[in-house]
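Database features (TrEMBL):
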type	residues	note
ACT_SITE	A:CYS12	active site, nucleophile
BINDING	A:CYS246, A:CYS392, A:CYS447, A:CYS450	[4Fe-4S] cluster binding site
BINDING	A:SER293, A:ASP355, A:ASP356	Mg(2+) binding site
DOMAIN	A:12-230	domain 'Glutamine amidotransferase type-2'
4 protein chains.
Amino acid sequence: MFPEVKGINEECGLFAIWGHSEAAQLTYYGLHSLQHRGQEGAGIVTSDGEELHIHKNTGLLTEAFQAGDLDRLPGRQALGHVRYATAGTSGYENVQPLHFKSEDGSLAMAHNGNLVNYQGLKSELERSGSIFQTTTDTEILAHLMKRHRSDELRNQLKEALPQLIGAYSFAVMTEEELIVALDPHGLRPLSLGQLGDAYVVASETCAFDLIGADYVRDVEPGEMLVFNRDGMFSERFTEAKERALCSMEYVYLARPDSNLEQINVHTARKQLGKQLAREADVEADVVTGVPDSSISAAIGFAEQTNIPYELGLIKNRYVGRTFIQPSQALREQGVKMKLSAVRGVVEGKRVVMVDDSIVRGTTSQRIVKLLKDAGAKEVHVRISAPPIIRPCFYGIDTSTTDELIAANYTTEEMREKMGADSLRFLSIDGLKTGIGRDDSQPNCGQCLGCYTGQYPTAIPNGKKELVGSGKR
Amino acid sequence: MFPEVKGINEECGLFAIWGHSEAAQLTYYGLHSLQHRGQEGAGIVTSDGEELHIHKNTGLLTEAFQAGDLDRLPGRQALGHVRYATAGTSGYENVQPLHFKSEDGSLAMAHNGNLVNYQGLKSELERSGSIFQTTTDTEILAHLMKRHRSDELRNQLKEALPQLIGAYSFAVMTEEELIVALDPHGLRPLSLGQLGDAYVVASETCAFDLIGADYVRDVEPGEMLVFNRDGMFSERFTEAKERALCSMEYVYLARPDSNLEQINVHTARKQLGKQLAREADVEADVVTGVPDSSISAAIGFAEQTNIPYELGLIKNRYVGRTFIQPSQALREQGVKMKLSAVRGVVEGKRVVMVDDSIVRGTTSQRIVKLLKDAGAKEVHVRISAPPIIRPCFYGIDTSTTDELIAANYTTEEMREKMGADSLRFLSIDGLKTGIGRDDSQPNCGQCLGCYTGQYPTAIPNGKKELVGSGKR
Amino acid sequence: MFPEVKGINEECGLFAIWGHSEAAQLTYYGLHSLQHRGQEGAGIVTSDGEELHIHKNTGLLTEAFQAGDLDRLPGRQALGHVRYATAGTSGYENVQPLHFKSEDGSLAMAHNGNLVNYQGLKSELERSGSIFQTTTDTEILAHLMKRHRSDELRNQLKEALPQLIGAYSFAVMTEEELIVALDPHGLRPLSLGQLGDAYVVASETCAFDLIGADYVRDVEPGEMLVFNRDGMFSERFTEAKERALCSMEYVYLARPDSNLEQINVHTARKQLGKQLAREADVEADVVTGVPDSSISAAIGFAEQTNIPYELGLIKNRYVGRTFIQPSQALREQGVKMKLSAVRGVVEGKRVVMVDDSIVRGTTSQRIVKLLKDAGAKEVHVRISAPPIIRPCFYGIDTSTTDELIAANYTTEEMREKMGADSLRFLSIDGLKTGIGRDDSQPNCGQCLGCYTGQYPTAIPNGKKELVGSGKR
Amino acid sequence: MFPEVKGINEECGLFAIWGHSEAAQLTYYGLHSLQHRGQEGAGIVTSDGEELHIHKNTGLLTEAFQAGDLDRLPGRQALGHVRYATAGTSGYENVQPLHFKSEDGSLAMAHNGNLVNYQGLKSELERSGSIFQTTTDTEILAHLMKRHRSDELRNQLKEALPQLIGAYSFAVMTEEELIVALDPHGLRPLSLGQLGDAYVVASETCAFDLIGADYVRDVEPGEMLVFNRDGMFSERFTEAKERALCSMEYVYLARPDSNLEQINVHTARKQLGKQLAREADVEADVVTGVPDSSISAAIGFAEQTNIPYELGLIKNRYVGRTFIQPSQALREQGVKMKLSAVRGVVEGKRVVMVDDSIVRGTTSQRIVKLLKDAGAKEVHVRISAPPIIRPCFYGIDTSTTDELIAANYTTEEMREKMGADSLRFLSIDGLKTGIGRDDSQPNCGQCLGCYTGQYPTAIPNGKKELVGSGKR
């Protein structure tokens, strides 16, 4: 049921809790439910009021934390993070929360999203003597805060955050205070909950359900929530701009049992599948979804068309770093590493294969081949979102326009490349209808940058080159 | 998509390969696809023609095997096993394959199923001087073979196997030969495949798909397949009796992408769901399945009734021994360890909850409560199989009649206990229709012992007491 | 200070405790002090009066036991073992204590020593239907006990032990009783101690010192000590024969802080060094010992000759399985893996290098070369024991006569092979004088089999061939 | 043979190699031989000319590096470090080499020694916006280098190093260059060697011996050695000041097989023991040393006095983090964790116990008690160095004057406290004579700060308070 790496990867999930005797343990479980947002590092910082305690490591949560590690994280406040990282920079030093110590005390910091003006800010800071120890964009905030030497954490943030452009849910914690902040467009989700007297904050509401916390509300764009001994306080560090919640969170990234701005993700996906069926019906015998993220859309498609939904593809759940990968020779001999087609289901059938996205096109091509090799008579590919024609700069790893197949080929050319019998995408309007955010209402806009090339924030020159100009 | 422990647990999965240069690796991947059949131990024995090489350990496959372990398993023939074990006997010594060394050479042995006359045979052997080092019933076969001192492995088996009563897929391997055998009733599945020139044998066909092997046929009840330098030979060690393939394999145990006797498991489950809908329809807003094994039946139910299928329950996939379990205190405070209800899907709705079995009833009760706590207005429980009223003696861990709720309470009493608004089971005939085995044909019977109390084999006195007599 | 593998390896160390609330922990520390007797496996069995609990694994004690493992070993009686194994048979199944379960209860068993008639007994037992699961000679005892079906553990032992020929300290434990037994010649050491009200038994007295226990006495040849709820009882299972305590224990195997039959091992070694100096003095500038086991003898040699003792050789203590071994290329380039010569000490000097044994001669040759490469002007090799000219059948791994250099070459030939400037061995009489056992007294004999070819027990035909006939 | 933690702990060992195809592997073995200088963290950085590769972790070298880790460190240059850390700051972030990335490239940095003006420099840097991510004094150098924005690494160092006061062997490495530097007083050792065409640098020469490298010379105080594609270059970053090589390196810290400024450490220690015997002879039966570091001195003492050297104390070598520590209860019941007295050697004897230092006095007291409990009739404590009466600020962890027993009590008071029959220290002159550095020659001075309170460098105010004023 969890999204898998396939060319679209979000960077990170956040969880924080304020005022609970089992803060570290609850953060561990909260992070477990956010594991799909980052699988290359996990960390927890706690405060016992006197001192910060930290444990973090590379890998899955169960790899990064061993028996006993939680016991060494005392205190009633905790901040946790799971990290996704592109190859080569997945070292320990980039695992979050980052942790800084100075004469004035300690600071821990965790971040979900991506800053588009990171490179420029970093150059500037380095020129004036700053040393960066990580290659994360997250560290920039610490340096900016340090340059504004207010004594108050909240004032440091109010001065530093407006210098950032991009997507960010930030959480910073000192011995005495926890502050979370959401960027002015609200590109990434961030929700507030309550567990008894304790406050919890998480990237997705599924974390609340797991630990038995109640959802309170979503953090607002440009809002800072301050937690300290006096309670919780809401402040603004800037005016909110037009809301631009990432569409991809609904389509692909978030867990189906999470609600984003009170819209359930599974339900939204099923509606996308139904809408797709309305726009791009086809005569077929079975509908199947590409696990895990496209199952809901496939069920919606089946329901709308009355074509039976079947389990035509199954995922092999190799878990963790200790799994022994097959040799290249074995892979070529046909050992399936991610998906298998279920011959008993697809043989001799006309199959509708519902997926949620095509990035480079190679995965889709492989799945079509799997189905045909298992005897499918026809394979009709249906994508429950519009074509991705531009890169994302806000925390999803979709590389450059050049590498996006839909930016460079027509739908018919793509269909041919992947060997499908037909290929259809959902329309932009269909996407909006399916998700069901009423964007005539305030704060209900959504980012469609990867589908349209229209980005909610400025894009610095260095980045602009990545946008390039595809065929569409 | 894999079955989870909930009071019904099968003991073990087998995989063997004869004549492939990457025998150990392929067995590792084959066992991975059988991981759902046993999660407490895994082992592989290979033969390089001169010597047997073995590696096995407790835990999941990824815990039992580390980088490098496969490299120390040379040879073109391999035999692997994943083990389920009840608490207290999950020690290393019981992990299979068992491995015996004598002056005449080595013998490795793996077993799926359960022998009902184990206790009597063991007492007898002990009285005449045998020492048992494991508490598995598997070891009995080695002692029986030893007592019949033919030089030929196949003759030893032909003399020993007929003394066993119960369910068994056995695989035994020496330096020079591999033999697999299926009990006379064929209670457990065992299939033969081919991968290039190599032969493969597996408890389920999903193992073939993963490694790219082709399905050839199922092993027949009472049949022995012998693999050696001269090729493959089929022999009978006894007459086949009336076929009695375990129904529960279709309902609950096998992977949905496996075919058992050429019937796809997902498809069978979906038909069970449809049949259930025909027998026990209900007015409702959403259908949801208990993950993972009941999803297919729930989709079938939804398809038949036109009530939408939704993701109302989600499983938390804590993986492996290194996951840190929540304290009792946290569990009581509401940290969910196995399933969460998806509030966004079930709130205010009349929910049909499809499950495949009720053993003690406590799990069902908990799930009904989860759904109601998440706001479900009504919860209608539908079980895609008949009530389990008698224990299984053939390798599924369903304890005694006394502990089986359906043996001791009426359906209405059960409904009340679990707090559901209605509760219905599939009929015995509905089960047969749904699975679709044509039992008027030869070799197409199935074991319904747990649903009817009518067992295909004799049941020794010691065991009989466990059957007891429930209310039904 | 601990002996290292160099062609002489003893099989195993035993530790047992009866009647202490921390039985498992104390056994762990006891085994730690016996680690030099076996580094390839470690195990502990405890009894809580109801049931046996076991944990064992391959590797060093710190590798075999992890945090928490001791907590799962409840009970006031414990039996532990560390194992040395020759390559190829170091698998888990051979790690001791062995553990057998039958209808009558459980039996755990641990063994130090070697049975010379193992092969014959095993063949016989296999012919009558016994199955062996290990390749240890230890298992034979269990089968012999089983054949004699007395109800009493002590009676089973009294019938089974006399059938064994060879060296053995055995410990067997059931839920209710612990029995230790020493072979009729007392070839291996076994001592009894007390810790408060608890009894302890160990292969060497150093284990008593570590845990703060007091030495009581040594177990006598042919004696059985029975520990149960009624206390401790001494019985004889056979008449004691002429005592034959292994000389090599003094020379090489035991820890220098142990006392064997009340003679301190370090002191004995120092006396051997002094005696060697008396027999084979030489003009030289420095004396150095081969660490660790020859340090004491070297100090004795220096003291006797007034040549200064210096640290001319130093050992590199690579510890455990996780140490990354150098590639062959690096080894050839001069990366030292076991010993380094200390140039600052030996350069330009005439060096006396004291060692305790020469087996194949290759190690001595390498050390002479190390010293010469580091600038030693002369290297005079002095061995603090007589030449080893025959194999040991009692638990020391010294292979066949053919492989023993001293059996096949004269002292002068050996000197030349190893490139030393002189080579001298201690005489047989010097060995006796040095150790200081008064063999005119009863029970004070010692085994000199490897130095003389005269063995205290019969040697079966199969073994006799190994003895062969060297040049001497 | 390696020093053990007992209140005197040095911070760190360095190893670097320039121009060898197996750079990472050789650094691993080099660090292994320096393991005694730091056991709480280990790391290696390599450069392949394009990029730096790093692996480091907490714990012993064998804990920090696993199979495969070295394979991921390509390149012909490598820099390694083993770290000692005081409790509480032993986290991963402080493990060295430190690693900094900026737009201009990467920088790795390792350090042995201690900076006395660290606190002042850090405050100043923080006030101007620097963020420190570690609590090591090492990081200060990176910030100072960054503030001087020369393009040339060597120029950055020439500007930054003179601002530092204290003891330091530094090694810094970029993609293209390796530079090592020794502080102007040469407080810590640092030697240059050669292995074929490759250069090696190490804190102690024992690392050269292990890998088969040849010693070339020691790095000079105030000297920088630059290694790059053009070869090796010596430069001065400052004038050398009066040499002040740490005396404690000879007495206690260094490995006995290392040479410091061409004086062998074992030999120096033995001379200290002889000198001690001349100054403080006593009537006794045996001499014993406290393992491991005092063995050489004890042998010298024995040689000088003709009292036999015996193995009266033995160390228990618990290795690594996985060793299970005894409960407090067991410790109180007498489980010995570090040292055992050898009863067979000391019982009824007058014992000279030679040690190399007394810090808090508690260890000595415990050892005297061990010996007396084992039956020693008299215990005469002889210390092969003068009393430690002042703290060290240069990288040895000897806390404050208040905690130093010799600063606050007379020798007679100390003797009484520890229950010894006599107690004598070596004189300052005896120390100089024993080590044998001819300090009338240039560059042959040594630091005696901890014995005299006269420090070679200025001591900042904050630190001065620690000096306090003991009774002497």
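Cβ atoms are placed via backbone N, Cα and C, with glycine included.
All annotation found in TrEMBL is predicted automatically rather than curated by experts.
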Query - Between the residue listed as 'active site, nucleophile' and A:CYS246 ([4Fe-4S] cluster binding site): CA-CA distance (Å) - result: 14
Query raised in the report: Considering only the recorded positions A:CYS12, A:CYS392, A:CYS447, A:CYS450, which residue has the minimal Cα-Cα separation from A:ASP356 (Mg(2+) binding site)?
Result: A:CYS450
Query raised in the report: For A:CYS450 ([4Fe-4S] cluster binding site), which DSSP three-state class applies?
Result: helix
Requested in this report: Specify the nearest of the binding-site residues A:SER293, A:ASP355, A:CYS392, A:CYS447, A:CYS450 to A:CYS12 (active site, nucleophile), where nearness means the distance between Cα atoms.
Outcome: A:CYS392
Report summary line: Taking all protein chains shown into account, the Cβ-based neighbour count within 10 Å for A:CYS392 ([4Fe-4S] cluster binding site) is 21
Report summary line: Per DSSP (helix/strand/coil reduction), A:SER293 (Mg(2+) binding site) sits in coil
**Report entry** Model confidence over the domain 'Glutamine amidotransferase type-2' (A:12-230), averaged pLDDT
**Finding:** 91
Query raised in the report: Ranking the recorded positions A:CYS12, A:SER293, A:ASP355, A:CYS447 by other Cβ atoms within 10 Å, which is at the bottom?
Result: A:ASP355
Report task. Other than A:CYS246, A:CYS392, A:CYS447, A:CYS450, which residues of the same chain sit close to [4Fe-4S] cluster? List them in sequence order, counting a residue when its Cβ is within 8 Å of the Cβ centroid of the site. Result -> A:LEU187, A:SER247, A:MET248, A:TYR394, A:ILE396, A:LEU448, A:GLY449
Query raised in the report: So which other residues, same chain and not among A:SER293, A:ASP355, A:ASP356, have a Cβ within 8 Å of the centroid of the Cβ atoms at the Mg(2+) site?
Result: A:VAL251, A:TYR252, A:GLY289, A:VAL290, A:SER294, A:ALA297, A:VAL354, A:SER357, A:ILE383, A:SER384, A:ALA385
Query raised in the report: How big is the Cα-to-Cα gap, in Å, between A:CYS392 ([4Fe-4S] cluster binding site) and A:SER293 (Mg(2+) binding site)?
Result: 19
Report task. Ten-angstrom check, please: count other Cβ atoms within 10 Å of the Cβ of A:ASP356 (Mg(2+) binding site), all chains counted. Result -> 28
Query raised in the report: When a 10 Å sphere is centred on the Cβ of A:CYS450 ([4Fe-4S] cluster binding site), how many other Cβ atoms does it contain?
Result: 29
**Report entry** A:CYS447 ([4Fe-4S] cluster binding site) versus A:ASP355 (Mg(2+) binding site) - Cα distance in angstrom
**Finding:** 20
